[in-house]
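Heads up, the thing below is written out as structure tokens.
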Amino acid sequence: MPVVSFSRREMERLWRSLSEEELTDLLDFTKMNLESFGEEVGFEVTSDRMDLVTLEGIVRCLKGISNEELGLPKYRVRRKAFEVRVGEGVAKVRPYVVAALVRDVDLRTEESLVALIEAQEKIHDTLGRKRRRVAIGLHDFSKVKPPIIYDARRAEEVHFVPLGEYAEMSAKEILEQTEKGKIYSHLIANPENLVPLIMDSREEVLSMPPIINSELTRLTPGVRDIFIDVTGTDLKAIWYALEIISSALAERGGEISTLDILYPDGRNIETPRHEPEEMEVDLDFIRSILGLNLSEDDVVMQLLRARLDAECSDGKVRVLIPGYRSDFLHPIDVAEEVSITLGLNKIGYELPKNVMTVGRPHPVEKVSRKVRTVMIGLGYQEVLNYIMTSRASLFHAVGREEREVVEISNPVSESYSVLRDALFPGLLAFLANNTHVRYPQKVFEIGDVVLIDERLENKTRDERRVAAAYADDSVGFEDIYSHLKVLFENLSYRIELEPRKERPFIEGRCASVLREGEEVGVIGEIDPEVLLNLGITVPVAIFEVALKVPGKEPLT
């Protein structure tokens, strides 16, 4: 879980002085733990509460728990200060941007700026997936002339002074010579050598996301007006990050100005969102989940202490949720919030009655452990991907033919809208994200896929599989087959291969894997065209096999 630390003096300036014991007692009613207490105060926060990686978010939360401020924070908001115009050039490089302006912020101390940068970098590393998914730019607005332009230019044609430098450099030089450029340049690598840029109306470069800001808009203590840009590959994620940062600055007295983001396809969105979302939950549901006969007033008070707005009538609890909270997906989350602010120690427990069982590993788990040991022995590194993914990632990105898969009826994000029916697309995505790492690269995953099966009552079944991908400049079918053969020999099974024609494999270099005459998987070399589309410049061979075949026992 993320750990953040801030100046205790700055925390006291934002709120009040607390002893270590007082702070620990307050944190018992939050999703935070105290990691350290001295000149710096360290907090461990849960990954679903990214608003708590900001010092301002922590103070906002503690004010609620101590009953000093209840309900939704009231921020000053001015709508549509100016436009951010998105060019067509960024579509294939870094397609999404949102932005805000926050005026009259109190950032008079060095510690306040350090706290802001600490939160920014923690969001980059977690929610932002090391800046791939989300990158935040913070700028001194007094140096900016709106409207703002977000577009791409050829790297050799762009020149500006990068943050922390004294001389003008080309974007190409920044990517090749600066520390940040060397670390993050792979995130915007593309055949056209384009770089995304945040510019003002004079075409002065403010930022080259996700690499580095310009020295022109450096933040210094005493800065009053801050322009925030957030770019990335996931619109929902960057919107969430903007809500976190803009609300944190509003906690320092700032006035949030929303901006119009004009996309080239005609979309016009206003950011940040200044209206809370609403969720309605049955009061009896909360009572049953917590096992407590709470009154309407009890439930409403706990939600107000959680810095939410709430009211209850006719057995329904109506909750208003601010934009910087993305952890409310289901009524169970409202019940959880009540339990946290109420105090988990107030919820009793009892041991199950008449339960006399002896546990043992499931056969599929036993074989999974054995497979893991063999794969590690073959020099492979294990990766873990989500079972939820998108159609684009599962089919389009890796050149697979579309087929019927289990879809989520109301997905929170397009990135998690279907259940995977194969493991290897996730491995290819992993390789595509790590082209900057030295080869050979050998990765594997053991996990479940979900398949349509009309014979079953629920029309689906889970299947445990292992998939492996081997990437190197001279890797071929024979290399990956030798590893598959070793794996099955260690499982005391013989396998046979049968020619197969299927995308995204090279024709003639793909086969079905048969165990006792029944197909259990696939092996082959990936089509170079698919690899190039993913940005992978070396050959890749993969296999994927089931560890449990319907009607047969697990491989043991």
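Heads up, the Cβ atoms here are built off N, Cα and C, so glycines get one too.
Now, the feature entries from Swiss-Prot:
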DOMAIN    274-349  domain 'B5'
BINDING   ASP327, ASP333, GLU336, GLU337  Mg(2+) binding site
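In three-state terms derived from DSSP, ASP327 (Mg(2+) binding site) belongs to neither a helical nor a strand segment and is classed as coil. There are 16 other CB atoms within 10 A of the CB of ASP333 (Mg(2+) binding site), with all protein chains counted. The Mg(2+) site, placed at the center of the C-beta atoms of ASP327, ASP333, GLU336, GLU337, has further neighbours from the same chain whose C-beta lies within 8 angstroms: PHE328, ILE332, VAL334, ALA335, ILE340. Local packing around the binding-site residues ASP327, GLU336, GLU337 was summarised as the count of other Cβ atoms within 10 Å of each Cβ; on this measure the leading residue is GLU337. Mean pLDDT for the domain 'B5' (274-349) in this predicted model: 92.
Under the DSSP three-state reduction, GLU336 (Mg(2+) binding site) is assigned to helix. According to DSSP, the secondary structure content of the domain 'B5' (274-349) in residues is 33 helix, 17 strand, 26 coil.
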